[in-house]
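Chemist: So TrEMBL lists the following for this protein:
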{"type": "COMPBIAS", "residues": "A:1-15", "note": "compositional bias 'Basic residues'"}
{"type": "COMPBIAS", "residues": "A:45-71", "note": "compositional bias 'Acidic residues'"}
{"type": "COMPBIAS", "residues": "A:79-98", "note": "compositional bias 'Acidic residues'"}
{"type": "COMPBIAS", "residues": "A:132-148", "note": "compositional bias 'Basic and acidic residues'"}
{"type": "COMPBIAS", "residues": "A:293-309", "note": "compositional bias 'Basic and acidic residues'"}
{"type": "COMPBIAS", "residues": "A:333-342", "note": "compositional bias 'Basic and acidic residues'"}
{"type": "COMPBIAS", "residues": "A:385-398", "note": "compositional bias 'Basic and acidic residues'"}
{"type": "REGION", "residues": "A:1-114", "note": "region 'Disordered'"}
{"type": "REGION", "residues": "A:129-164", "note": "region 'Disordered'"}
{"type": "REGION", "residues": "A:273-355", "note": "region 'Disordered'"}
{"type": "REGION", "residues": "A:375-424", "note": "region 'Disordered'"}
{"type": "REGION", "residues": "A:470-490", "note": "region 'Disordered'"}
Amino acid sequence: MGSKKKKSSKKKQHSAPKEEKEDQVDYGATVDAFFPGDDSSAHAEEEDVPVEKGDDDDNDKQGDEGTDEIEDDKKNDEPSDDDEEEEDDDESLEEEEEKTANQTASSLVMMDSEEPCSFDLRNLTAVNSHPLHHESLYKNKNDSESASKKKKKKKQQEIPAEDEKLTINNAAQVLNEEYLLQKATEGCTQLIHALWQLPTERSDAGPMVHLPTYDKIPIPRVLPPPPPKAETKWEKFAKERGIPLNKEKRSRKVWDEATDTWKFRHGYDKANAKDNNWPIMEVGGTDDPYEDPWQKQRDAKFARTEDNRQNQMKNQERAGVLPKGAARKVLKSRTESRKAGREGGGNAGLPVGVPVDMTENKLRGQASTLAALKATQKSTASMGRFDKPVEGEPERKFPVSKKKRKYMAESSTGKTSGKGEQERAAKVLQTVLHGGGVETEKARKKGKLAKGVTAYDYEYDDGSNKALFQKKKGRGGIGKNKKMTKKRIK
Amino acid sequence: MRPLTEEETKTVFLKLSEYIGKNVERMINRSDERHCFRLIKDRCYYISESVMKASTSISRDSLLHVGTCLGKFTKSGKFRLHITSLEYLAQYAKYKVWVKPSSEMSFLYGNNVTKNGLARITENTPQFAGVVVFSMSSNIPLGFGVAAQSTDHCQTLDPMGNVVLHQADIGEYLRGLEEDIF
């Protein structure tokens, strides 16, 4: 390494202007840098790092050393670093190298002409918040041309060039990629320097750096954070008294003595369950011999579950999840229904599905009966549309769907459509005039008219059955096959 | 704005026929220009074809009224005649009642026509028939209503008895009794 050092210093001087080969820039980490051997050379290492940038450059060009042997994690991240940085710059690395060779490790972080960046090392980001140098950012198209041509065109272009700087999409103005690349390079080198400042440790792959655990540039939340959970009564008490809560300490499974297996602590088939449901239960000392022990067990279980339920609901009430008084109401209804079931009689004796208002010996009343009638009328497959009405039944109303309703054309544009409307109106008028008036309408709606009065009610055969005059049978007969009356014959 | 459905047309014609009887046909088939019935929201309008065609070019939100408003449909589907239809009712009225000048004002304020104020009445007016009220002094239609008694019974009425039950009068234009008429 030492010899190389000498080599590199010589080579550097030769290779001073090399602006063309920026893409081969190596940001410092090669195999040679990472075989420290002794800690004494750590300092030298740091010095080597910037130096070897130039070294590697030269070596690449000469093909002596490959930068293929990449063993540092950071090196792998470097291509993404380029993308993350804000500005690209085309500053020649060689300048930097020359300077850094004369500087110590600590002052190698930045050069005087460089703009200091801020870092978010966890996200491997270097942020250069200094404004761009506008003049060097844009260059005229003609800058690339030869000097002679420039002189000729200078007069022509002097005035428009200044104006053109203001416009963005103008063809004469081109973004100076070199300036951007220079800025990017600056930022990148600074980032690498900063990364080296972090605590390192050795590993098989080479020196590993511990990135900080915090994001300096935090990504903001999409949604607001969840509100803090309200404390339960027990939690509050425990906090006061200093009792540990044991929230995560209990294991899910417990050793069951009886079956010598691991069983769940709670729930179905739980561990160490007290199995009291034997067909024969002995009467203990204090127990009343006439008491039902199974009922007693069930009651005890119910009481326990109700207590638990009550406590849960009360905690929720306190938290505001449930309205105040909900717990009391629920539990009251539960105990009442349990009691009613116990006692029997009344509704408790009914099978499921019987409407409740039929249970007591009350008369239904007209409104209730009508409502029941409407419900039964609707409860057919076609919602009561095609059922034959019974005598005396009021007219059925069917809900009109807004979607399917088709109105006639709003404006009768042609003569024909206008006439059509007139004809329709005339027809309606005929039915009105010869129909009997308002009273019969009302009577019809109420169902008072005897059925069979109008042709709608009967299936009346007046001899004009289609089948009698239909010339063709089946689907062939459908169409304009009409009975040839005297009127039509004419 | 849309044309009336069959059901709606029937209701309107029924109502009109109570006042003008067969003359509804004259409303449908007119000699000068064809007229049609149109519905805006729940009001029925009687307009000429040309007016109707012109009104189709106006957007629904900005179109308030067209032509003559005959009346409006209530929520339960019944049709109520408004005073604005008086023009046609008066033209084709079947049963007419003439009111004395002294009790004209009373009718115009919304009171029923009593026997005192009755000047003339057409013959054979059935009870509860639709009736158009005219002024005796000048043959101007004042409004319409329902005949409380048939013509024969009117003669045997006591002076304070109702002859015509008031339904609408032209005084409503000034009184603005029902806010949603106009």
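Placement of Cβ uses the backbone N, Cα and C atoms for every residue, glycine included.
Curation does not apply to TrEMBL; its annotations are automatic.
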Chemist: Which residue counts does DSSP yield for the compositional bias 'Basic and acidic residues' (A:293-309) in the helix, strand and coil classes, in that order?
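Modeler: Final tally across the stretch: 17 helix, 0 strand, 0 coil.
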Chemist: Six or more residues beyond either end and a Cβ under 8 Å away: which residues meet both conditions relative to the compositional bias 'Basic and acidic residues' (A:293-309)?
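Modeler: Hits for the compositional bias 'Basic and acidic residues' (A:293-309): 276-277, 281, 283, 287, 330-331, 334-335, 338.
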Chemist: What is the number of residues in the region 'Disordered' (A:273-355) that are helix, strand and coil, as DSSP sees it?
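Modeler: Reading the DSSP string over the region 'Disordered' (A:273-355) gives 49 helix, 0 strand, 34 coil.
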Chemist: With DSSP, how much of the compositional bias 'Basic and acidic residues' (A:385-398) is helix, how much strand and how much coil, in residues?
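Modeler: So the compositional bias 'Basic and acidic residues' (A:385-398) is made up of 0 helix, 0 strand, 14 coil.
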